[in-house]
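Colleague: Here's a structure for you.
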Amino acid sequence: MVGEDPYLISDLDRRGRRRSFAERYDPSLKTMIPMRPYARLAPNPVDDAGLLSFATFSWLTPVMIRSYKHTLTVDTLPPLSPYDSSDVNAKRLQILWDEEIERVGPERASLGRVVWKFQRTRVLMDVVANILCIIMAALGPTVLIHQILQHVTNISSGHIGISICLCLALFATEFTKVLFRALAWAINYRTAIRLKVALSTLIFKNLLSFKTLTHISAGEVLNVLSSDSYSLFEAALFCPLPATIPILMVVCAVYAFFILGSTALVGICVYLIFIPIQMFMAKLNSAFRRSAISVTDKRVQTMNEFLTCIKLIKMYAWEKSFMNTIHDIRKREKKLLEKAGYVQSGNSALAPIVSTIAIVSTFTCHIFLKRTLTAPVAFSVIAMFNVMKFSIAILPFSVKAVAEASVSLRRMKKILVAKSPPSYITQPEDPDTILLLANATLTWEQEINRKRGPSKTQDQRRHVFKKQRAELYSEQSLSDQGVASPERQSGSPKSVLHNISFVVRKGKVLGICGNVGSGKSSLISALLGQMQLQKGVVAASGPLAYVSQQAWIFHGNVRENILFGEKYNHQRYQHTVHVCGLQKDLNSLPYGDLTEIGERGVNLSGGQRQRISLARAVYANRQLYLLDDPLSAVDAHVGKHVFEECIKKTLKGKTVVLVTHQLQFLESCDEVILLEDGEICEKGTHKELMEERGRYAKLIHNLRGLQFKDPEHIYNVAMVETLKESQAQRDEDAVLASGDERDEGKEPETEEFVDIKAPVHQLIQIESPQEGIVTWKTYHTYIKASGGYLVSFLVLCLFFLMMGSSAFSTWWLGLWLDSGSQVICAPQSNETACNVNQTLQDTKHHMYQLVYIASMMSVLTFGIIKGFTFTNTTLMASSSLHNRVFNKIVSSPMSFFDTTPTGRLMNRFSKDMDELDVRLPFHAENFLQQFSMVVFILVIMAASFPVVLVVLAGLAILFFILLRIFHRGVQELKQVENISRSPWFSHITSSMQGLGVIHAYDKKDDCISKFKALNDENSSHLLYFNCALRWFALRMDILMNIVTFVVALLVTLSFSSISASSKGLSLSYIIQLSGLLQVCVRTGTETQAKFTSAELMREYISTCVPEHTQSFKVGTCPKDWPSRGEITFKDYRMRYRDNTPLVLDGLNLNIQSGQTVGIVGRTGSGKSSLGMALFRLVEPASGTIFIDEVDICTVGLEELRTKLTMIPQDPVLFVGTVRYNLDPLGSHTDEMLWHVLERTFMRDTIMKLPEKLQAEVTENGENFSVGERQLLCMARALLRNSKIILLDEATASMDSKTDTLVQSTIKEAFKSCTVLTIAHRLNTVLNCDLVLVMENGKVIEFDKPEVLAEKPDSAFAMLLAAEVGL
């Protein structure tokens, strides 16, 4: 049953020709061969399996034996079969989905219908196998047991041979049943895995088709691709099973009516009544799950945001606020999960309850009508109802699967019908033109009413293009462009860019500048096709490269981030590294360019991240370069080097669009655009704009005046000229040196780093298969979390009471029949009949009837109580584990987050929490019900027919050998599946964060290919795990079939001293046990596998080492500390993690109260590490920091961090409102908030928003520009009113004007504070009292800026000269 041949999938696109039957099912037909002696050595052994091997899972035996002898790893398991792969199945599902959309439209399209078409052939084959299984299952209990029990009553020797033949027939039917059931599951598992990989790939491809994600959150994406795809996997497994129930009902009803009479219909009716009840409960469960999932999405999204922004949260000591938020969401989620759990638990309890009610009702009615009842008839009916019970027992699985699948399909359809808007970017007609915008008005939102069709819109664009081309290519002044605001129709969204018109010819450099929020980044986004075009034309030619304002770095090494899928060329690569100023950085890294980078580049500085992003663009060697402020995060010297060597030289001949706040670079641009409020304010060459003396000229004069004409300092013209001359001399020396090298035939890049072999896992700690093995500590932790041992014991007792009541009712019936036979029994034509009429007349036997009915009521009562208590207990456990793990992670140091991928943590809080909340309780409940039933069956059989225990003991050795192999193998397979899931999660998260970059470089296919590879790897291990469960189940079934055969022989050949009811009871129970025991062991193993999630959570609880939240030493801290803000470093050394180099080495410096200190130095010199040290995000290796003469290591972390304020390099905004982002703790009034917004020049911007302070902030603050985000962060800092302020390049994303205003605000607002300013633009530190110059983690200069500037050979003077030289 292999399915579609991957090499024939392409034929599916040929809609005109249907493939022949042989073409479509060739691999499946080969599998139908009973045995295939000549193996083709396929990548996966299942593809070489014949029918017998496929049905019995024998192809898996080598893997199970290997798992027993050796530890399994991701690399040692065979890959997923090509027929089950993402690539093959996603293509096929995509075609079916496209056909559905084309046929009925997106609104009426049914994803469920498409899923049915995708797998209907395999489902029908599965149903056929299940029907054959059901026929065999019904044949044994209904016909053969009845015949055996009838022959048992006849002691004549002539019947012994017939009895033995009946026993052999019973063994044959049971064995055939087992074989067909195994075949059905073998088909089902491959069907389910194909559906899972196909749907998840289709979802990911659709999400990746968007250039920006605004319609779905990151949390929802993770939930859909993990939990929802698994829900569809389970649905494909269990949904076909109920199709056999009607056939079973008919067979059992007919035969029961035949042997018992019309009263048998009572029991059948009971089953039929409960089926619609289960359907109603399924709908109810679906509604509760739908509500719970929406809250789960919110929790996962908030958790993802928390983990992404953990550094800022720790610095601001906001952990408690976020913990309260997530705990509140979790409480809401738990309430909804409780309701779904009650319904689900009721569904699980229905099988034993319905069976007991049906049997008791049938026999009570039969006896009440004074009809004759014999032991063979009674126990044949019981055996038959037990077969029906197993069929009903699968309904909870199917009902749960349908309920969750319906929710999942609805969520998936919502994603699939959301189509990315058509590209509005056209090709310029002039081959010399690379970029052209003609009266382009763009918005971030889609228009509400699109009255024009696509063709009409395209025609209009062409018309506008032709009409305005002559005007654009002329030398006319464009001063009138972009002034008038476009008229918009009612219902159209607000435009962000208005009437933008400009042309960029091939090989030209266009500089774009403007204030914060003027639309610079939006213009880059417009050129990338990420916005919505309302009118006008946007045309671009040639492949492009894009450097985003906030660098996107993925988990891998430096080289992988630079190459980004391109082939490695040594010379080109070395040149790229040189021109991007990365040589020294790579030489300082432990493994050079093979050094592993954490997620989002956590172990790199902002400047290093930005230059790696730039190197990626340079190495790509594209025709068009869109650079969104790439030089703000680097110091002046590196900035000059990058601009000169990279942008002016390496990219010479390329077309470059450079957005920058560093106006000194604009002089070298061929053309400059000044944006204001989304419109072009001025446009022309630098010289032309300076001559016009407009806004641009004023900005440039302000910049120069700010840098060199400040009356407070001594920077005069002579000094500037001196600095220029010294810099020019250094540049000339460098040129001469490089010339000498060229004369000698050497490469100009002399500092070429050497390739070295790096270990695979340097930073990110990998999950090993040994981690997560379930130990007793896990069960202990779970039991304590659920309320303790007493609560767990009481819950366990409820299971035994419920199932004990069910088993008791059957035993009591046998006792009743024995009692009746003692009163009056007579042989009647080869059977013993009891005259129940006379039995009922005896008052003693009224008690039997009452107790029999009471047993039914007790099953019902205990079932209801069990459902409520078990649901509450398991949810208490999962919530307790969630909160404990979250609290542990929150209190972990930053080194933990540096070495633990966010994807792995999100795996814990999404998929693993789903396992603990929903799947573990479901499997555990079924296991406990089955286990308690097995115990009572064994007890009753031991009492009524002890010889059975001898048979079971004889096969116990084989059973334990099988269990030992199975248990080891299934545990390891589950571990490997868990481990392979984390990289998959990380790739999803990283891809969603880097959509813009992925599209710009046209790497969507590479990203999808990697997703498919990771998806296939995880799905392969999931398939192996599930197949291992069935491998064991089949072999257990065969062992129990042997036991059933032996017991049937013993019943046939046993002494007459054993009553007929005892024999009937034993035979009906051994048939029940033969199926129940393997189900019990398998469900127990699945439950233990689900406990792996609890083990992984426990590991975090036990291994996460908290930060030193309390002080190291005993010390007293004044109440108003710090009152002055004096900071002293004494021989301070710091490293980020053990066995890593020092990042701060022997710092000794004193900063007086109220001083402003500018911290400068090359990228990676240790500037940002100073902030980490002050906030104790990293504990010192040695040395001390004193604030107001108090050792900060003697102060609690929360107290320390609340007294300091940090404005980070990368602005961080949270999903919520503007007010929440400014004041998460809600401790300030609106007036105070408006006041700080006014001081940071954001009041007008917020006032324009409809809901003002309550205005929505989207994920990552995407509805604000980077500069606006930074200003909001500045406002947030002003509210804290701290004595010590650290600005980590806080104004890097601001234009010079806003920067100047903000600097004056900082000077005024923090005039009594100690302010440390880390900056790359030196104008931000020239007014500081002191300048601290750092290099390689050491202080190389610390003095007044004017003193350092007067020394031409000082490091600060060199940096200043580099900026002046620009």
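The first residue you see is number 1, and the count goes up from there.
Glycine is no exception: its Cβ is also placed from the backbone N, Cα and C atoms.
Note that the coordinates shown come from a computational prediction; the quantities given were computed from them, not determined experimentally.
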Colleague: Of Asn439, Asn499, which one does Swiss-Prot label N-linked glycosylation site?
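Modeller: My reading of Swiss-Prot gives Asn439.
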Colleague: Among Asn837, Asn872, which is the one flagged in Swiss-Prot as N-linked glycosylation site?
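Modeller: Record lookup, Swiss-Prot, feature N-linked glycosylation site, residue Asn837.
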Colleague: If I look at Swiss-Prot, which residue among Asn154, Asn978, Asn1018 would I find recorded as N-linked glycosylation site?
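Modeller: Checking Swiss-Prot against Asn154, Asn978, Asn1018, the N-linked glycosylation site entry points to Asn978.
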Colleague: Ranges 472-494, 587-609: which does Swiss-Prot label region 'Disordered'?
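Modeller: Among 472-494, 587-609, the range Swiss-Prot annotates as region 'Disordered' is 472-494.
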Colleague: If you average per-residue pLDDT over the domain 'ABC transporter 2' (1127-1361), what number do you get?
Modeller: 83
Colleague: Give me the count of other Cβ atoms within 10 A of the Cβ belonging to Ser521 (ATP 1 binding site).
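Modeller: So the Cβ neighbour count for Ser521 (ATP 1 binding site) comes to 20.
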Colleague: Ten-angstrom check, please: count other Cβ atoms within 10 Å of the Cβ of Asn515 (ATP 1 binding site), all chains counted.
Modeller: 23
Colleague: With H, G and I counted as helix, E and B as strand and the rest as coil, say where DSSP puts Gly514 (ATP 1 binding site).
Modeller: strand
Colleague: Which sequence positions outside the transmembrane segment (788-808), separated from its termini by at least 6 residues, show Cβ-Cβ distances below 8 Å to it?
Modeller: 349, 352-353, 355-356, 855, 858-859, 862-863, 865-866, 869-870, 873, 928-929, 931-933, 935-937, 939-940
Colleague: For Ser1165 (ATP 2 binding site), just count the other CB atoms lying within 10 A of its CB, please.
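Modeller: Other Cβ atoms within 10 Å of Ser1165 (ATP 2 binding site): 23.
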Colleague: Give the number of CB atoms, excluding that of Ser1168 (ATP 2 binding site) itself, located within 10 Å of its CB.
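Modeller: Ser1168 (ATP 2 binding site) is surrounded by 21 other Cβ atoms within 10 Å.
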Colleague: Expressed to the nearest Å, what is the distance separating Ser518 (ATP 1 binding site) and Ser1168 (ATP 2 binding site) at their Cα atoms?
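Modeller: Cα of Ser518 (ATP 1 binding site) to Cα of Ser1168 (ATP 2 binding site) measures 29 Å after rounding.
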Colleague: Measuring Cα to Cα, how many angstrom lie between Gly519 (ATP 1 binding site) and Ser1168 (ATP 2 binding site)?
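Modeller: So the alpha carbons of Gly519 (ATP 1 binding site) and Ser1168 (ATP 2 binding site) sit roughly 29 Å from each other.
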Colleague: What's the CA-CA gap between Gly514 (ATP 1 binding site) and Ser1165 (ATP 2 binding site) in angstrom, rounded?
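Modeller: Between the alpha carbons of Gly514 (ATP 1 binding site) and Ser1165 (ATP 2 binding site) there are 30 Å.
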